[in-house]
Amino acid sequence: MIMDGTTMDVGAVGALRRIKNAIGVAQKVLEYTTHTLLVGESATKFAESMGFINEDLSTNTSQALHSACLARNCQPNYLRDVIPDSSKYCRPYKPKTHSILKQDDPTYQEKGDNYGHDTIGMVVIHKTGHTAAGTSTNGIKFEIPGRIGDSPIPGSGAYADDTAGAAAATGDGDILMHFLPSYQAVEYMRSGEDPTIACQKVILRIQKRFPNFFGAVICANVTGSYGAACNKLPTFTQFSFMVFNSLKHQPSEEKVDCI
């Protein structure tokens, strides 16, 4: 997704197949449609109409991961409460019958490959105060086909508003999107919070319900101040991000300790 903080326009795509430059397609949605989010095969057809190449994006690495997953009875996966047991068998699955009043354990532990996400989030503040934000991601490995995470959701993956600032999030999108962290960070800055404090308050808010979630937030206000925060886990204690100041012409890497 990409969001223009001046006009509040958003362009986004989800479950996009066989198109490499996803955020480029999102920009075309913003520029050439009055829609916000296109998904699936229809998003691919739109991309083709905009001149993007439909191509096989499989690699030797991805094919090897897929083969290994099948050999492990489709492990890891993200199914629950299904028949047959998703920890032992591959699909097709059917839902188990259970009470609609069933309460899930609020303690969350991510499956998969030790937080190996590839989301890129960016926030941009122009010297005139104009803002923009965007995200691009390949999604988590072994996700259920059709799954869409937080990245293309306005207010979740990213958010921008010239009256306050811009923010972006990364981590477990299935948890993050419940809390609209990017929108919340911008709203904290709108109320006068320093960007670092705004990001920390977002993380703490999620942490109360999901203490073991994997995630981080970056944000910047319209004056150019910026900050970041992350949720501390045994294997995730610091979050690194890049800062580029056009006046210095040199990007710098910064780190924050997770809370």
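Note that Cβ sites are derived from N, Cα and C of the backbone, with glycine treated the same way.
For THR119 (active site, nucleophile), the same-chain residues 6+ apart in sequence whose C-beta sits under 8 angstroms from its C-beta are THR135, SER136, THR137, SER151, GLY157, THR170, GLY171, GLY173. Feature annotation from TrEMBL assigns active site, nucleophile to THR119.
Here TrEMBL flags ARG147, ILE148, GLY149, ASP150, THR170, GLY171, ASP172, GLY173 as substrate binding site.
Spanning the residues ARG147, ILE148, GLY149, ASP150, THR170, GLY171, ASP172, GLY173 that the record associates with binding substrate, the maximal Cα-Cα distance equals 16 Å. Between the binding-site residues GLY149, GLY173, GLY173 has the most other Cβ atoms inside 10 Å of its own Cβ, all protein chains included. The Cβ neighbour count for THR170 (substrate binding site), using a 10 Å radius and every protein chain shown, is 26. Each of the binding-site residues ASP150, ASP172 was scored by the number of other CB atoms within 10 A of its CB, and the lowest score belongs to ASP172. Here the binding-site residues are ARG147, ILE148, GLY171, and the one ringed by the most other CB atoms within 10 angstroms is GLY171.
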